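**Student:** Here's the feature list from TrEMBL:
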DOMAIN    B:99-199  domain 'LicD/FKTN/FKRP nucleotidyltransferase'
DOMAIN    B:213-251  domain 'LicD/FKTN/FKRP nucleotidyltransferase'
SIGNAL    B:1-18  signal peptide
Amino acid sequence: MAGTYSNLSNIPNISNLGSFDYTTDDSSDDGLHSFDDNQNNDASSSYPLSKYTGPLVDYVRNEWQINPKYASLPTANTDSSDSPRWIQILGSIVTAPRFRRYVVVYLTVLISCWAGWKFFVAPRLEEHAALLHALDPQVKEEMGGWFGANALPRFDDIVQLRKLEPSLLPEESASKSDSSSGKRLVFIGDVHGCKDELDRLLEEVSFNPDTDHLIFTGDMINKGPDSLGVVDLARKYSASCVRGNHEDKVLSLRHNMIAANTMDDEFLDDANLHRGQYTRERKLARQLSDEQAEWLDTCPVILSVGQIKGMGQVVVVHAGLVPGLDLDKQDPYSVMNMLTIDLDTHVPSRSREGMKWTKLFNKHQSLLSDSLRGTFENPESMLTTVIYGHDSKSSLSLKTYSKGIDTGCVKGGKLTALVVRDGGEQKLVQVKCQDHTKN
Amino acid sequence: MWISTSRLLAYLYGLVFAVGGLAASDADTDFTSVRSQFVKNYSGTGPSEPGEKYFQESSFHYHYDGRFANEPLSDKETPPHLSQLIRTYLSTMADLGAETWIMHGTLLAWWWNQKIFPWDNDIDVQISEPTIHFLDEYYNMTEHHFDIPGLNGGRTYLLEINPNYVFRSMDDKMNVIDARWIDTSSGLFIDITAVRPDDERRKDGDTGALMCKDGHTFDENDIFPLRNSHFEDFPVKVPFEYVKLLEEEYGSQSLTATEFDDHHFNEETLVWDSASKRKRSSRRRSAVDLPVRTTPLKYKLE
């Protein structure tokens, strides 16, 4: 930087630069100084200050104007004569380092804004609009009706709906004296026969059979190592349960095998062509005792838990509910299997392609909440919160009106309990699981 | 080529005698010989090569058997006849221990209100391959009489197996229906199709592949294990994945739209009302007149 002041060549000394030596021969040919202070420190005294009588600035000579060496300075653009002036200006702007810096900064900001819009804001706005459209009664007219208009088919061996004994519900207000004496509901996600993990989970929540009530969200059996142990534990503690798709399959097979008289002889399975390829499920169906199977058969498709503070009407199902439809009008197959829902017709599907049912359900409940707010004193009590399992791919999914607690225990994930105590206080407890799918 | 009616009749008589003689000689019956009431055979002829197609549709309506009727039933008479038709069929199969379940349009009707659609006189049921072998072996061309409450003399139904059921290929396009359950009083019938392992798809590694000769393919796990429900107030079996099957076959709107043709589904009475006729459907959920079997069954599938 100092080199740009080369025209000060004949000024030998400036008081505050006293330690530097500006020699004439040093600047004569290229205008660059030598800042070799080690060598020339002593020499500064040879130029007496008295030689200059006026202000230093008067002695400044603009050498670049006089010296022929600088007469033709090489310009940045040698082809300047060919291109118009605005290109030259543009060129000089673009080549300026500050400009480049700003370009980089602004481009980054712009791209992140665009990406944020494209991948975050716009899809959410679209989804919001799609959900609102899907719940618009006018769309129902256009589509000719929504899911649930039919007279619901009944099945002989399936209980559609059960209500939890109200005395098991936690109290409205939190018990002040001793927190351990209050009543608790312990909702447990898909166990799939992982008995050891279930034992550890109960230990973790300090399960007390006198005050706590277990509620399983279905798929207690199959896949894992000890389905029978899990059923026995649930029976021992008089737990509540709902029918999952795995209970549905195993129990349906069992009923058919009893009807066809093939319970005792597994070789008959092969003789009976096309009865579903459920070797593992058939095996389990045979292992279940009549008492165990009967107990599982009493698990309803939908368990209506009742009012819990902060959650409104609590309902337990295995997979999901169709919004805006009474519990006794919910199709049992769909309740045990749904993952997504068709936005036009509200037909639920076990496929993963499409809108998750929880999104439509939560939107429906929040719209309902808005419409109830002005008219009712306690609108919360008229809303529904669903506690469900089934969707281990999405793992834990806690939304305002839906709580998904299948965290894939049998695949080496976690086993989750949602504990609700007096006053509606909720707590999640999880234990790690061994991967039982490998062996 | 035009043949005079008299010549045709004479020809038919000849045919009947010839076939009758044959039947008498080896005590076997076939399609044309089981006419009981009509001199003339009202069966239409198959579209291309007659003789190759076993089951014939009547010349006046594709869903009547021309050997037992010369005209369709009135709109008022049809639904009660169909109800008893499916009930007697389901009752017979249940008594035999033969596995059968409803499919296609009948499954959709079950979804809506567990009653036959008032605009549809097509009933679709399926049986498994071992079952059709059993039925062919012991019950082909058997008559089954039922007492029906409020009906003098009851009704007789005929179970008839298409001998071509043994050809297990979709290429046999003339014989896609494997058996019929026929109301001999009206000519109405139920189409019975056998569901078989699909050998070609199984060769490609699709271990659960099933097919019917009518071109439909299924997966074992979509049908089995069968569920127990009710249809026309009678126990019935339905495929395990009924919602999935219906949605795949008819689209999701078939499960939700309450308008069809000129019918509207009344969500209060749970009945399909006819809009054009300006009258409530007579098919109310009222007292049930269940048929009672009088013909004993000798052989059962265990």
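Cβ atoms here come from the backbone N, Cα and C positions, even for glycine.
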**Student:** Could you give me the DSSP helix, strand and coil counts for the domain 'LicD/FKTN/FKRP nucleotidyltransferase' (B:213-251)?
**Tutor:** 13 helix, 13 strand, 13 coil
**Student:** Taking a Cβ cut-off under 8 Å, which residues six or more beyond the ends of the domain 'LicD/FKTN/FKRP nucleotidyltransferase' (B:213-251) line up next to it in the same chain?
**Tutor:** 83, 86-87, 90-91, 94, 99-104, 106-111, 114-116, 167-170, 172, 175-178, 193-195, 198, 201, 288, 290
**Student:** What is the three-state DSSP composition of the domain 'LicD/FKTN/FKRP nucleotidyltransferase' (B:99-199), stated as helix, strand and coil residue counts?
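**Tutor:** Per-class counts: 29 helix, 41 strand, 31 coil.
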**Student:** So what pLDDT does the domain 'LicD/FKTN/FKRP nucleotidyltransferase' (B:213-251) average out to?
**Tutor:** 93
